[in-house]
């Protein structure tokens with residue numbers, strides 16, 4: 001089957017395609033219908049000819065996908081702490097355009113249409129996002145380089161700039177890059193990757209050799225695989241001057257270029273017919289040279305300026321937030337100090353109140369004990385202070401004899 005597209009419903013998409021491909025009749029129809037017809041629902045009646053076994057399997061796949069989406073929705077709500085709310089799954093499923101949520105149990109023509117439209121639209125956006133991400137990556141790389149230069153002295157800056165220019169020169173010094181999809185480019189693959197005689201180059205044989213899954217089409221991955229030889233001329237992972245993130249962007253540019261030239265029905269696939277038509281065009285035989293990434297800066301000076309301003313704003317926001325947090329922290333520490341001071345005061349007050357009470361209790365303890373057994377014998381015990389109001393006898397006066405039957 002096709003490789004992972006990076007879409008959240010990728011598995012569902014691939015399983016549906018795999019099952020439809022198993023049906024001989026549908027397979028032929030799918031390959032002979034162009035994208036516009038598919039978008040207008042012309043596959044509708046064809047799905048009705050698909051064998052019962054395949055339809056049943058598609059219904060089951062759809063039920064699984066609906067259930068997966070419900071699980072996702074529920075998990076998201078659990079995480080957000082909204083798990084005690086009654087959930088209207090139908091309303092939430094409306095957010096997913098790749099299936100018809102009104103009939104969650106059966107797979108209909110509309111499901112196929114929605115899946116195709118969603119995948120086409122989302123993959124186009126996916127490529128666009130990849131370009132945007134690459135642009136941000138390049139601007140960040142340049143920004144960090146400039147920031148690093150600011151930290152150096154004049155001599156350090158000069159050396160760094162020299163090194164940078166030298167790396168740019170080294171990177172740009174490579175064999176001629178053939179125009180992607182041109183006869184020269186494909187012949188080089190035929191000769192070097194396939195090990196065949198360039199004199200025997202034949203487009204149809206070439207197509208069949210590189211249609212890896214044998215479905216009669218070049219998909220995006222199969223196309224991109226054709227540019228490996230060209231990319232190896234420019235990029236070597238062991239070279240400091242070659243950036244592999246840039247290599248992937250170059251691969252994407254090459255694939256988009258060939259798709260634009262060759263994929264006439266815009267279904268993101270190149271059929272054998274489309275390929276053969278392209279090999280007869282003038283561009284195929286005498287193409288202009290290919291402008292590589294280093295000849296096409298990914299961003300304009302204006303974009304770079306905006307990017308740096310945005311970074312500065314973000315940094316400013318972060319600094320403000322940090323200052324705010326620092327202030328909150330100091331406030332909390334002040335409050336904590338006040339609380340601690342209050343705690344100390346309370347402890348002192350407590351000691352003033354409770355310590356005399358404890359002493360009082362100690363004074364009263366023998367009295368109480370005597371009250372228990374010897375109400376009439378107010379004999380102070382040895383080493384015990386007398387109750388308040390009594391004068392303690394002078395040390396040299398004779399002690400009264402103790403009652404030996406009394407056990408404290």
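Cβ coordinates come from backbone N, Cα and C, glycine included.
Summarising the annotation, TrEMBL assigns coiled coil to 297-352. Per TrEMBL, compositional bias 'Basic and acidic residues' is recorded for 145-168. Taken from TrEMBL, the feature compositional bias 'Low complexity' covers 359-370. Under the heading compositional bias 'Polar residues', TrEMBL lists 371-384. Annotation comment: TrEMBL describes 198-233, 250-285 as domain 'EF-hand'. The region 'Disordered' annotation in TrEMBL covers 145-182, 358-408.
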Quiz item: What residues in the same chain, six or more past the boundaries of the domain 'EF-hand' (250-285), come closer than 8 Å to it by Cβ-Cβ distance?
Solution: 31, 34-36, 38, 120, 123, 127, 130-131, 179-183, 203-204, 207, 216-220, 223-224, 227, 230-231, 234-235, 292-293
Self-check item: Remote residues contacting the region 'Disordered' (145-182) - C-beta distance under 8 A, at least 6 residues beyond either end
Solution: 188, 226-227, 230, 233-234, 239-242, 254-255, 257-258, 261-262, 278, 283-285, 287-290, 292, 294
Exercise. For the domain 'EF-hand' (198-233), jot down how many residues DSSP puts in helix, in strand and in coil.
Key: 23 helix, 2 strand, 11 coil
Quiz item: What are the DSSP helix, strand and coil residue counts for the compositional bias 'Basic and acidic residues' (145-168)?
Solution: 21 helix, 0 strand, 3 coil
Quiz item: Which whole number is the mean pLDDT over the domain 'EF-hand' (250-285)?
Solution: 91
